[in-house]
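Asker: Can you read through this structure? Questions will come right after.
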């Protein structure tokens, strides 16, 4: 996209501003769109996001001026939260016990897309008018996804699967409490289905009320851990190619292969989450603590590496620890915050990560003034702070973990 907008006559400054526009809109919209999906239901919100994103890419394929290019980024920046809403939908459909396994597989499928997408896009960009072809293909895929979502067998039975799985493995509830649970679930779904047709002002008021509830909750430490670990990992990758060249004389091509290798291992890690969570007896907190500690040690190993083989070793295991950590922090957010506001929680978490993406390049630039190892060294410090916060709040996490195991 940078090459295309410059070919339209935009200066470097204008190209930078338009590029930042997408990130800023994603930052502020993710929480609202996630909360909106809690209010109107996953089906309508997911369809709306998919179709409006398709519109954005269709406009991008017709962008023959800088103004049209900027306009095309607006619907995509505001509504391209299909991954977050899909995760919230999965959270509604599966039991808490199976959630890390399902989320891991979902992340693995997404990673495959992120591996294949640049290859296809890069190949098409070699042809004349390749950018426009790529944009129309993106829009077509979004329209195809919209059709698939519309065809899914949406019914009360589907959305009650999670309740069924939770009730199936426990004897701790009485018959009356089970009946009340299903009645409450069915009532909330009926309200959700009708909420889409309510006044926009009523929907906005409901969204703001939900966001206020999250802001006043005791989830600050979970989001702070997510923020610190996100910034730490972003700092690790921020000058990865440049640092390898300066420290070991490695060409950027090799660094690109190493990053692709790590991405492929991330897919494998997502598929192995099931056995790993069973090994930890579905204790998300303990798995997150250990994966974060392992991530911290591996970044430290990379920082102090004396040969390229130590870098390859750290990158290999880091692909596993970061993939497991990302899945566990989402599961911990939903466990502590509750599934009733899963869209809001995932939206806030996405906003927290977006703030990290804004701050990390600035911190990386300052740290690189001192040494090529400055950014990963700072990453180690931030990861240590996150580990300390998790240890300081372990009683709260363990209480939620014990309730989770008891319910299952």
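Here the Cβ of each residue, glycine as well, is placed from N, Cα and C on the backbone.
Note: TrEMBL annotation is automatic and uncurated.
Taken from TrEMBL, the feature domain 'Major facilitator superfamily (MFS) profile' applies to 1-398. The transmembrane segment annotation in TrEMBL covers 12-32, 44-71, 106-125, 131-152, 219-238, 258-280, 287-312.
Help me understand the surroundings of these features in the structure.
Answerer: Counting same-chain residues at least six beyond the ends of the transmembrane segment (12-32), those with a Cβ under 8 angstroms from any Cβ of the stretch are 1-2, 5-6, 66, 69-70, 73-74, 76-81, 84, 207, 211, 344, 347-348, 350-351, 354-355, 357-358.
Non-local neighbours of the transmembrane segment (131-152) in the same chain are 1, 3-4, 43, 46-47, 50-51, 53-55, 57-58, 60-63, 82, 120-121, 124-125; each lies 6+ residues outside the stretch with a CB under 8 Å from one of its CB atoms.
When Cβ-Cβ distances below 8 Å are used as the criterion, the transmembrane segment (258-280) is approached by residues 100-101, 103-108, 111-112, 114-115, 237, 240, 244, 286-287, 311-312, 315-316, 318-320, 322-324, 327 of the same chain, each at least six residues removed from its ends.
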Asker: Please compute the mean pLDDT of the model over the domain 'Major facilitator superfamily (MFS) profile' (1-398).
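Answerer: So the average pLDDT across the domain 'Major facilitator superfamily (MFS) profile' (1-398) works out to 82.
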